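S.K.: Have a look at the structure that comes next, please.
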Amino acid sequence: MKSLLNCVGLVALATTLAPVSASPSLDLAALYESNTFPRDPNLSSEDARILRRTLEKREFSLVSENDVLKSYDYIIAGGGLAGLVLASRLSEDSSRSVLVLEAGMSGDEVKDRVDPPAGAFYTSIVGSDYDWKHPIEPQPMLNNRAGTWPRGKILGGSTAMNAMYLVRPSQIEVDAWQQLLESSQDPDVLTGASRWNWNTLFAAMKKSENFTAPAEDAWEVGGRFPYDASTHGSGGPMSLSYPRVMFSIVGNWTGALDAVGVPPQEHPNGGITMGSFISPSSINPTNLTRSYSRPAYIDSLPPRSNLHILSEATVTKVGFSDKVRSDGNEVIAHSVEFAKDAQSTRFVVGVDREVILAGGPLGSPKVLMHSGVGPKDVLDQIGVDVVNDLPGVGQHLQDHLTAGIVWESRVETAGDVRAAGADFSRSAEFLSFINDAVAFINSSLLFSGNEGVYQQEIQGMLENGTQTVPSPSSEVVEGYKAVYNLTASTFWEGSAQIEMLMSVISAGQISIQSAIQHPYSRGRVYINSTNPFDPIVIDPQYFTHPADRVIMRQGVKLVRQVGTALGDLLGPETTPGPGVATDAEIDEWLTNGGANTQYHPASSCSMLPRKWGGVVDSSLKVYGLANVRVVDSSVYPYEFAAHLASATFGLAEEGAVVVRESAFEVPSQAKLDDKDLGAQGTNGASGLKSGAVSVLVAVGVSVVLAW
């Protein structure tokens, strides 16, 4: 019989743990109050104070429709990762009022599914009412497979449901952002381009963090993997650490990669990601719960009278003044319309300074298009009045595709522990488990010395690649060319082409995924209905550029080499199986089911010059609009070789600085009359309050478990 102690290496197992109910629900607050909850003896007094405060029952800034005021300085569309960071930072100025409108529910009802890190696998909210379940169009290059893209429809957004990796992009990739903007010689992006480089984003990412080193016992089982605390922040809102449970095969990960030519990386979050390492995750080590944008940036705050958060409020459009323009002849946003659902009353709330879109790469372009900002051909076709013809809205869409090889396991996995059903499988320690073994691999390792040949071939396919761009706009095509050339040169050798991840969540199985990081295929999102509650159309156009398939195929081959290096720890390969061996057989497997999304869409509101199909300038402001910004992963001009959460926390931190530096105020002649604010279609009666912001009674009281 396999030894659990040898597998997880927890000294805490020598103590008596209070039995926890076999139900998926885990009362972490009660467990903490008992004497059996694991406590870190090195817990600082500040961390202890925060934990005590966040465990208290108290009111917070969640309000009802009847509490919403007639106007706010800042209205944030989307209460996900970036939206809640912005809300927290902008409301630090007590003289400014902030409203967050989040389409999803608060999430209080599913805290027992969200809070345990292992819930990402075993009690996931993916597929539930807390998931947008965005349908994607059938993909011709994947045998017309369709499917869905999960995205969080909940306060906290996808940070409440993701796999919790906090993996940063490399310095080369981030510095290339500034270089790309500067290469355009376009004044819209030259001014401010210098803030989109590694030094700035590195500082912003660290600002968001509170790093804790791994527990000694788990670290021992994990092979005493290297980590560098100096590359992380301390005292920030987002906790990042490592699970209290690790499995012995994790300790073999870097050695197996080294055996196939991928060296260990000792400083993976300091700007060089190439190599293999054990990634920190968004785990709060004080109570072993998921750290995500809501508990980190909102629940940890004392109540703020100038911050209102309304859940179940879908932004249906931004309203613009037809009376006056800004000094720069830009259209001025004067209001935001929202509703609970298609059958509910529409509310209009005024904006005094700025509207900030933080709906992600699907939500933000959708709001823009329903507001009349986007490609004229798309808007004309469905009868949306065009406020600003901006061809790049919804274009440049990119995503990471992944494929996984599965073997039988000859060592114990997390899935085995859970399947055994012992009390330990319901403990806070076990439920802190999350996958964390990763590697990033460049072209020279992937193509074994032939990378130059493939690079020349890809560079020679540029003009053919432009034929796959799903836009009639020459501006969008020029932007594709600029990013294509960057990807085929700077990123080819200097950045990772694939990421590998090892998973031990299933009983009796080990899987290793390979995911393409810098795809050449481009998709788009667009609307085909005037109803803002209809789904946005998503067409990622997977594999429309043949280089993506070649890179993924090479990744599959390298994964199999890693499996061989793991030796007796693995049994026979079960997926796709040894019968899938030739290039043609691997391609067929990828087409018919092997290749799937890694859940990292980006770039649909790209920060590029307008002449390149850009949507926002270097201050995150939408072209042609005086006071609308986009702050989320849709603004990245290209995919990073990383999981996007860490970079987007940094983006949102820096975005808050950008917003606060702006002095723009909506002129009185551009604002709506009071009769046009509030509930619409109810004889003009307003459902919104006027006057100064005051302390509100929250609609719910919750136990906040994480910081």
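Any Cβ shown, glycine's included, is placed from N, Cα and C.
Positions annotated as signal peptide by TrEMBL: 1-22. Per TrEMBL, the feature FAD binding site maps to V315. Residues or ranges marked as domain 'Glucose-methanol-choline oxidoreductase N-terminal' in TrEMBL: 360-374. According to TrEMBL, the active site, proton donor annotation covers H600. Under the heading active site, proton acceptor, TrEMBL lists H643.
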S.K.: With DSSP assignments reduced to helix, strand and coil, which class does V315 (FAD binding site) get?
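M.R.: Going by the DSSP assignment, V315 (FAD binding site) falls within a strand, counted as strand.
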S.K.: For V315 (FAD binding site), just count the other CB atoms lying within 10 A of its CB, please.
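M.R.: Neighbour count, Cβ to Cβ under the 10 Å cut-off: 26.
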S.K.: Which residues in the same chain, at least 6 apart in sequence, have a Cβ under 8 Å from the Cβ of the residue listed as 'active site, proton acceptor'?
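M.R.: The residue listed as 'active site, proton acceptor' has long-range Cβ partners N162, A163, Y165, L166, V167, H600.
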S.K.: Across the domain 'Glucose-methanol-choline oxidoreductase N-terminal' (360-374), what is the average pLDDT of the model, as a whole number?
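M.R.: Result for the domain 'Glucose-methanol-choline oxidoreductase N-terminal' (360-374): average pLDDT 99.
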S.K.: Can you tell me how many other Cβ atoms are located within 10 Å of the Cβ belonging to the residue listed as 'active site, proton donor'?
M.R.: 24
